[in-house]
Each structure stands twice: as structure tokens, then as C-alpha cells.
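Q: So TrEMBL lists the following for this protein:
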- GLY356, THR357, GLY358, LYS359, THR360: ATP binding site (BINDING)
- 6-83: domain 'ATP-dependent RecD2 DNA helicase OB-fold' (DOMAIN)
- 149-238: domain 'ATP-dependent RecD2 DNA helicase-like helix-hairpin-helix' (DOMAIN)
- 574-644: domain 'ATP-dependent RecD2 DNA helicase SH3' (DOMAIN)
- 661-708: domain 'UvrD-like helicase C-terminal' (DOMAIN)
Amino acid sequence: MAEHYYAKGQLNQMIFQNQQTQFSIASISVVETDIDIDEKDLVVKGHFPALTHGNDYIFYGQMQNHPKFGDQLNVFTYEKELPKTEDSLVKYLASDLFYGIGEKTASKIVDTLGLNAVDDILRDESKLDEVVGLKAETKKQFIADLRLHQGFEQVTVELAKYGVGLQLAQKLYDVYAENTIKQLQDNPYDFVFYVDGFGFQRADEIAKTIGIEDNHPTRVQAGILHVLDEESTNGHVYVELPSLVTRLNELLFRGQTEETKQSLHDYLNQLVDDELIVMEADRIYLPQLYFAEEGVASQLTRLLETNEDLTFDESELMAAIGDVEEQEGIAYGEEQYEAVKKALNEKVMLLTGGPGTGKTTVVKGILHCYEALFQKKEQKKQSDYILAAPTGRAAKRLTESTGIKAKTIHSLLGWSGEEEFEYNASNQLSGKVMIVDEFSMVDIWLANRLLKAVPADMKVIFVGDEDQLPSVGPGQVLADLLASQSIPVCRLQDIYRQKNDSYIIKLAHDIKHDQLPEQSVGKKADFNFIDTSSDYAVDTIEKIVTKALEKGYSMRDIQVLAPMYKTKVGIHELNDSLQQIFNPKEESKRELLHFQSVYRTGDKVIQLVNQPEKDVFNGDIGEIVAVKDAKEADSNKDELIINFEGLEVSYTRQDLNQIMLAYAISIHKSQGSEFPIVIMPIVRPFKRMLVKNLIYTAVTRGKASLIICGDYDIFLEGLQKGDAYERRTTLVSRIQAFLGHNVEQVPQSAEQNLENAEVDEQEEFSPYDFMS
Ligand SMILES: Nc1ncnc2c1ncn2[C@@H]1O[C@H](COP(=O)(O)OP(=O)(O)OP(=O)(O)O)[C@@H](O)[C@H]1O
């Protein structure tokens, strides 16, 4: 901090304040400074909370000359000195910072406890009992507020010494509160795994400052976990030893020697002994991913080997299918009929096929035929069927198409968000048939959890499109199950939906089979490719959206999909522009500012993470129905109320990083959903991201209309890049090993780990614990 200037003073006026980001500009009247200025007033600018009158503040930072506003102090950190007179202390305690404390109560506190009231209460909460007439609730809230404000300020001052500015300090404080500094001194690497935006390099610099040596186990261990974490964020289940060694040497020991390389091996062995990583041959796993793979393989083996066979008469099956055909007004194709039959016969089955091949039709057939053949004598029991999907929207679609309530996998398993799943190996689900749709989206960790909860007499049918993107989390479970050739499969190839006039379906299947027109196909009934450069893509999309709205389509019908958040045609930019069209600013619409975003009543938003306790899940799309300010909300905090298909959920500012505007969403987030109109920019800045299964996933989201705008050559190039998302997994060989096919030797140490009673303890971590 030596290079920083300081200025001590009192607030004249808050010029600007963004409550959420805490970005503030204020004018202060200076009483003491080392800055060479003549005026008494100084503008200070940076990330700090609203200042209150009557307090002394000390700001540290760099001077900057703003062309329009003149000299300003760019604040790096600040300290607040507590009020020094009884009057100003009363004003401070009666300010908006302390909920429920008015001037009368504030005076009482100061009269009773004097000028040291704040310090005394922070040291010993029972001091507040000396103030007569304070309700228990008020006391509790006051102490919490005091700790929040005072604690945060103390922490920011300390953190500044380690080069951590106010914005990051706020994030650290949200997680560690008053333990922030202790955690920093014990193990700053912890921040990398639990605080969004806290990088390994920064932790490493702090570690150096506090004297953690290069070869210190804490550092090396953090480095290894960091590399494994990054790899799992990219979808990989393991890292190969040579590549881990290279990465670690780069990360930890620039200018490595053979000696450090050797010690790295020693650390790896130590970590294996401590069960913090698992090594199998030359592969290194985070334990939770290793055990998830083992779990999926062993659970599938259990089901395949123990589940009972069902027997039924073929003529009865034909009669049952006949009923469904009559109901639906269609004739089941041969492969569809075979799929229904196989699903009834097999204990576990994979049903895969591109769009419009009749996966849903087969699911309906399975449900109807199971009921007709095996529940003949009983009353129809819906409780025998479990239908599930990885996202809320996919579950809703499945419910609509089958007439049976489908749940998200998380809610099916009873996830509370923090504790274990309610349904697990020792408390399994009940039912006879489980069908899981959109299975390509299920990652290795969730697949393991799901399979554990399946009882031995339940049939399992996994439905998915193998050409879509793999799961966001690690693994590629559907692709691996198919590749294992150990589980019965039905692949539907014939296309039924809008057989003659749907170009979307034709395009999807052409992409799948690598048959692409060289020339832009231009306009079709349900498809259009509009040539445009990246400079005009946003404009073009705005025009298309405006036209669609004029034609009577609603915000819910129209979905823009893009592969990237940044760049001038990225999701953020698109959302900013499209918000003006879909839901422009109006007097009557309330707004809430959050970082760079404005949320207003009527906005379409997307949930970005699973929140099982609120029953909202990653990818759910909702609409803001109310914006409340703190005075109106029960929580006494600013709130957004979002309606997700009838379910109203409230979000305080703290929760707002869980949502974003959803006029444009990522292709990854669109998995499992379909929209009447899909608009997709395919432009040069996206080139790096565009690969076949990404484009295929986007194309297959459009139900009635798909409009691509951009550069046809970039589109073709993307479609020719097929393997960019290949993931490192070992599920195929594990399944084969468990089933006794093509057995690969599992090393002794891993076997021991498996037998070890601590396996369950390991599994309590989820890969999400390591992913931001
Ligand atoms: N055998 C058939 N004869 C006539 N129409 C059929 C047949 N099978 C399916 N269809 C129709 O084709 C359309 C697509 O079928 P379905 O929704 O079952 O396919 P899907 O594979 O689930 O498609 P998607 O993945 O795109 O949702 C539906 O309208 C369905 O009624």
C-alpha cells in the first residue's frame, strides 16, 4: 500500500451509488491528506458502500485526472472511523444501515453504553442487555447488522494489505464472514475452490506473502486439485499423469528441475495415501469422479444381473400396441414396435434417435403396453411409473406428452441442496418402470446417484439423442453406455415428424450423417439462412424479433441461442439489445440494477444453477412479475419475484447471480428445451466454439422455425469439426470389466479404495463442489 495516497474526511455528498456492485462516487471534505491538492473537497471513486454523514473515512488509492471531472482519488480500500461524538454516534446507529433502530433507540443505546457502545457490543453481545426495553428480535438483528458492517470493514482493510480490492473482498466476506482473514492465513488456496473469480495465481501470491514455501504440501495439493478441477469443468473425468506433471510443473515450478519433478511424484503418492486423489494406471481422478464411474458400472451390473425377466405373449403385445395406434392415430413403424418390445423385455435399455424419430411415441407405447400386459388384473397404478428428466423444462415436456407427472432427477431423488439425496442405496425408489428422458444431459455424478436409488425389480429406460452435446458436468454417460456395447440399445432411424415439409428435421439428420449442402439453402417453409457479418448480426436479429412480435408471436415463443457470452454478438450483448425490444423501459415498470444488468418487471430470465429447495433448476426460464424494494418485502431486502411456469420464487440481491436475462441463452443451457422460433447467429467471432454437436443441438431446439444469421462458410466449417468435445472418461472399460467382458485390470490400490469403508464419505463431495 506504500504507493497509495490517503485522504481522510467526511461525506459531503454521494454522487453515485450502485447498491449491488457497491460502486460509488462521493465528494468528501478533506481534513487530512498526503495528496498535493489545494481544495478542501475531493471526489473519491471505487467499490465501497454508501457513506454516512458524520463519520470520518480514510480512503487509500491513486490520483487520477478525469478529463471532465478533474482530480479524483481512485479508491483501492478505505477505513471508517467510528463516530467520535455522542450525537454523531446516535446518527450512525439510526441510519439505514441498522434495520429497526430509530433515533429513539439509538439514543438509548448511546446513553446506556456511551461512546464505546459499538466496540463493547462486538466484544460482548450481552452488553446490549443493559439497554432497557429492546426486544429480543431487535437485539438479534442489530448485532447481526453491526457484525456485518463493522466486520466487513475490518476485513477489507486487512485484505487490502494482500492486494485484494473491495469487490473481491465482498465475495470473500460473503463466504467466510469474520473468518476471512484466518482462512487466508491458514490456507489461501481454499478461496480458489469456493470463491467465484478468485484465481490460483492470486492465491499463490498471497501464499508467498505469508511464507508458504514452493514445496509446501498445501501448495502442491492445491495445485493438483486445481488442475483436476479445471479438467472436470471441461468435462473430463481424469487427467493423464504425464499431462498432470507437465501442467503442475508449469503452474507451480516454473523453471523446473528433475528434482522438483521427482518431488511432485512423491506428493502425488502422498495424496493417493491421503485419499485426496485416485490413481489408476497413469490416470489421476478426483475421488468423487472415480467413484461415480465405478458406481455407474457396478449399479448397471447389479440391475442387468439381478432384475427379473418379464414374460408376455407377443399377440397380447400386438393388441396393446394396436390400442395405442388407435389412440394416437398412427401406425408404429417396425423399429418403433421392436423398441417397445425390447423395453418390456430388457432390464435396462437405451433408446436413442434424432429429432422426430418417435422416441416420445415409443415411450408412450412402453407405458401403455406395460399397463396392458402387467397390470391387467389390477387397477391402473401410476405409482408404478417413474418419469424423469434432467431439467424442469424437459420434465414438463415429458409430462405433457405422456400425461404422467415427470420430475427433475434432483427432485425425484429428494435433493435438499445441502444434504444427501433422500433416495439412495439404502432407501430406494419404488416403482416398476423408470424412464429418463434427455439422458445425454446427465453427468457421471448424477447418473451414479440415480442408479443407486433404483431397486432391483425396476426396469430402466434411458432416452436421449446421442448426437447432442454431452452433459455440462463431467462425463459423457449416454455416449459411453452406448459405446460399451454391454447394454441393450434401440436406435430409431426413420423420421416421422412433418416428414415432407420440415427442413429443420432434414437439416438435423443431414448434420448427423455429415451430408451438407455446399451452397446456402436460403429460405424454406420453416428455415432461413440470412447472410450477415458479425457487425450487423445484432441488428439483423433485432429486425427478425420485431417482425415476429408484429406477427403475434410472444416473448416465450422466440428464443435466440448463441454459443458464447462475450463478443459483440455474444449472449450479454444480445440480451442488452433484445431487452429494449421485448421489454423496453416504461414508467410503470419497476427496475432493479445488478452489476451491468437491469432487471425490470416483464423480463424473461433464466435460472443458472440448481436450487432444489426452491424447486427451480438450471435452465428453467421464468418471467419477472414483481420488483419490490426493501421496505415492501418481507425479507426487508430488495427483491425480484420470478414466475416459473406458475411457481413464484423470490430473489434477493444476493441470489441474483443465479439468474440472467434470457432473451438470448447459451446453446448448452437450451438443452432439453424446445421453442417455436429459434434464432441463431453463426458468425466469425464464434468460430472457435462452433462444432458439430453444438450446432446440431441448437438446430434441434427449433420446432416451427429456425433462422440462422451469419456466415455460411463458418456454419459449414463448424459442422466439419466433430470431435472438439471429446472427453476423457473410463466408463466404457469399467462397465465391460464389471460385466466380465474385455476385463481391464483395476490396480490394487484402487480396489483397496473401493473396499474401504470410507468410499461413502468420499462420495459426499460432488464435482460441483469444485466447479464454479
Ligand atoms: N409411426 C408413426 N407414424 C406416424 N407419425 C409418427 C409415428 N411415430 C411418430 N410419429 C409422429 O412424429 C412426430 C415426432 O414423434 P416423437 O415426438 O415421438 O419423436 P421424438 O423422437 O420424441 O422427437 P423429438 O426428439 O424431436 O421430440 C410426432 O408428431 C408423432 O406423432
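Cβ atoms are placed via backbone N, Cα and C, with glycine included.
Keep in mind that this is a model prediction, so the values were computed, not measured.
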Q: For LYS359 (ATP binding site), what is the tally of other C-beta atoms lying within 10 angstroms of its C-beta?
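A: Around LYS359 (ATP binding site), other Cβ atoms within 10 Å: 22.
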Q: Per DSSP, how many helix, strand and coil residues does the domain 'ATP-dependent RecD2 DNA helicase OB-fold' (6-83) have?
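A: In the domain 'ATP-dependent RecD2 DNA helicase OB-fold' (6-83), the DSSP-based counts are 0 helix, 54 strand, 24 coil.
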Q: Would you count the other CB atoms within 10 A of the CB of THR357 (ATP binding site), including those on all shown protein chains?
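A: Result for THR357 (ATP binding site): 25 neighbouring Cβ atoms inside 10 Å.
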Q: Which residue counts does DSSP give the domain 'UvrD-like helicase C-terminal' (661-708) for helix, strand and coil?
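A: The breakdown for the domain 'UvrD-like helicase C-terminal' (661-708) reads 15 helix, 19 strand, 14 coil.
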Q: For GLY358 (ATP binding site), list the number of other Cβ atoms lying within 10 Å of its Cβ atom.
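A: Other Cβ atoms found within 10 Å: 22.
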Q: Around the Cβ of GLY356 (ATP binding site), how many other Cβ atoms lie within 10 Å? Please give the count over every shown protein chain.
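A: The answer is 22.
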Q: When DSSP states are grouped into helix, strand and coil, how many residues of the domain 'ATP-dependent RecD2 DNA helicase SH3' (574-644) land in each?
A: 12 helix, 28 strand, 31 coil
Q: Translate the DSSP assignment of THR357 (ATP binding site) into the three-state scheme.
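A: It is coil.
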